Amino acid sequence: MSSPVKKMKKKTTTSPILSPTPHSTQILSLPVDLLISILARVSRLDYPILSLVSKSFRSLIASPELYETRSLLGRTESCLYLCLGIPSDFNPRWFTLCRKPKPSGHVMAAISIPNSRPVHCSGLVAVGSDIYNIGGSIINEHSSSVSILDCRYHTWRDAPNMLVERNSHAANVIDGKIYVAGGSRDSNSSNWMEVFDIKTQTWEPVLNPIADGCDRRIRKSAVIEEAICLFGYKGVGVAYNPRIDKWEAIGEVNYLDLGWVWLLVA
């Protein structure tokens, strides 16, 4: 005779529904000015988590008043941003560094940025709390457009277009100016590089007397010892020091070409 089999009750589980606790309700009932003063003293690394508390918190975290208060309190803070461009998707994915509540540590958290601009083959560079998205490929066409992501509010605004349409170029910052090199359809000494003055919001060409020996497309670049070092897809390297307006060929093999990790801090 077989042993009796006990009927097991099927245990069902459901996703927990987050409801406001008395403590969180009390916090949300505080005056807006006081909430902003409190949030201004919290690290930006905690903002992605706090934005999940409620729509009110999400709105406060993206408000101009909060960042004005942080500035007055001397609590301005830079954060790490990651942008992923997927060839099959027109819209890029944006992430920012977030502190993990449990266990300790950090994680890249996805952030929602409405009306995000395409970043395929564009030049991304951070200046203060802004990330400039310069040129690139839009429907397989070179572009001269420039847009700016304000990392405080995660909103976009337009900036003056470049003088030349560019694709697969490089962008670097020195002394408050953005230098954009390569990527034009027809490279010559007068259009291989141009510079954007952030204060005056104007573009000007930078004459490159050795443009004929430079690659049209740029693969890697970095600012090293006051000079912009650029490497094309053919491995040809060139360095430009804007402070003394000096160009120099740096050969086909250089430690810059051995591999780099790209980060944006804004």
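We count from 1, first residue shown onward.
Note that Cβ sites are derived from N, Cα and C of the backbone, with glycine treated the same way.
Feature annotation from Swiss-Prot assigns domain 'F-box' to 24-70; the stated evidence is sequence analysis. Across the domain 'F-box' (24-70), the DSSP tally of helix, strand and coil residues reads 34 helix, 0 strand, 13 coil.
Residues belonging to the repeat 'Kelch 1' (130-176) score a mean pLDDT of 93 in the model. Per Swiss-Prot, the feature repeat 'Kelch 1' maps to 130-176.
Marked as repeat 'Kelch 2' by Swiss-Prot: 178-223. Taken through DSSP, the repeat 'Kelch 2' (178-223) splits into 3 helix, 20 strand, 23 coil.
For 226-266, the entry in Swiss-Prot reads repeat 'Kelch 3'.
Residues in the repeat 'Kelch 1' (130-176) partition by DSSP class (helix H, G, I; strand E, B; coil) as 0 helix, 30 strand, 17 coil.
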